[in-house]
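Notes follow the structure.
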Amino acid sequence: MKKISNNIFLMMLIFGTLVTISSNSWLGAWMGLEINLLSFIPLMNDNKKNLLTSESSLKYFLTQAFASSILLFAIIMLMFFYNNNMNLYNSFNELLILSTLLLKSGAAPFHFWFPEVMEGLSWINGLILMTWQKIAPLMLISYNFIYKFFMITIILSMLIGSLGGLNQTSIRKLMAFSSINHLGWMLLAMMNNEMLWMIYFLLYSLLSFSIVLMFNNFKLFYFNQIFNMSMMNPIVKLFIFLNLLSLGGLPPFLGFLPKWLVIQNLVTMNQLFILTISVCLTLITLYFYLRLSYSIFMLNYQKNSWLLKNNFNNKLSFTSLIFNFISISGLVMMSMIYVVT
């Protein structure tokens, strides 16, 4: 019965996002966001063993409800001024709408709820929050563009996403800060090109799915679980950290491709200042991924000689292997296809 109800809520979640995307009015978009929110809350509460789940769902509900109420207020104000042919507060309304949508997507400086909510969720729900739940707000943000405010949000998202992950021991919080950093890149891609942020989002979702699938398979939530070398196949550890480096945007992995496209676009548009800041801040995220990988592979390596059977060997599913292969070698394969054609 629980599985049937979860499937219904998942369908409603998808339906809510599709309503928002296909809506031709702000009121219709708001209605889609509300359907999406009210469908995700029951899905968050599926794990009764985790005490943080209820807290996370409450934090998520309060934040999203607050954003929705302000969004509805801004929409009503916009319609009122439009119907009365008043141009007064037009820019204020746009700023208000943009702020609420950034709050819904978890971009800085409205990111405060995102890592805390991620900490209490299961990996599958965390994946939904990092990927699917961002589609509707990002699509609406692309309709409502304020250049100066966008620049502040982009720089803050990259800064907080980079510095926030430096002292984390929880993998879920690290993924949350990584998501904030990637959100900054998506907004940067959105500034100049409508299609570019969608390509970035699709590739980011693929990389997130690949790594979250592995974390979910091995029930990994904290770094000290990964440090236990005697319990895990080194090949699996290699896959995990190659995936992390791909998510950080290190060449020659697939994660570098969307950043490459954005960098190329910014160079073409001659926006070198924001490009330099973005690349420098993203290097910080790469630093903590590399530091983690180095400490686990080089400094902390230990293996019991009497451990004959490895329990983790049979847990790496075929699906996970395919996604790992795409994440690690996707850019090389695409480059080879491009050269051949």
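Glycine is no exception: its Cβ is also placed from the backbone N, Cα and C atoms.
What TrEMBL records for 23-285 is domain 'NADH:quinone oxidoreductase/Mrp antiporter transmembrane'.
Over the domain 'NADH dehydrogenase subunit 2 C-terminal' (286-338) the predicted model carries a mean pLDDT of 69. Per TrEMBL, the feature domain 'NADH dehydrogenase subunit 2 C-terminal' maps to 286-338.
As annotated by TrEMBL, transmembrane segment applies to 12-41 (among others).
What TrEMBL records for 61-83 (among others) is transmembrane segment.
Residues or ranges marked as transmembrane segment in TrEMBL: 95-114 (among others).
Per TrEMBL, the feature transmembrane segment maps to 145-167 (among others).
Feature annotation from TrEMBL assigns transmembrane segment to 174-191 (among others). Long-range contacts of the transmembrane segment (174-191) within its own chain (CB-CB distance under 8 A, at least 6 residues past either end) are made by residues 105-108, 111, 114-115, 118-119, 126, 130, 134, 138, 141-142, 145, 147, 150, 153-158, 160-162, 164-165, 168, 197, 199-201, 204, 208, 211-212, 247-248, 258-259, 261-262, 265-266, 274, 278, 281-282, 285, 288.
Tertiary proximity for the transmembrane segment (197-215) is limited to same-chain residues at least six positions away from its ends with a CB under 8 Å from its CB atoms, namely 123-124, 126-127, 130-131, 134-135, 138, 142, 171, 175, 179, 182, 185-187, 189-190, 221, 236, 239-240, 243-244, 246-247, 254-255, 257-258, 261-262, 316-317, 319-320, 323-324, 326-327. Feature annotation from TrEMBL assigns transmembrane segment to 197-215 (among others).
Counting residues 6+ beyond its ends, the transmembrane segment (235-257) has Cβ neighbours under 8 Å at 178, 203, 206-208, 210-211, 214-215, 218, 220, 226, 229, 282, 285-286, 289-290, 292-293, 296-297, 312, 316, 324, 326-332, 334 in the same chain. Annotation comment: TrEMBL describes 235-257 (among others) as transmembrane segment.
Here TrEMBL flags 269-290 (among others) as transmembrane segment.
If one looks beyond the transmembrane segment (316-340) by at least 6 residues along the same chain, the residues whose Cβ comes under 8 Å of a Cβ in the stretch are 206-207, 209-211, 213-214, 217, 233, 236, 239, 242-243, 246, 251-257. For 316-340 (among others), the entry in TrEMBL reads transmembrane segment.
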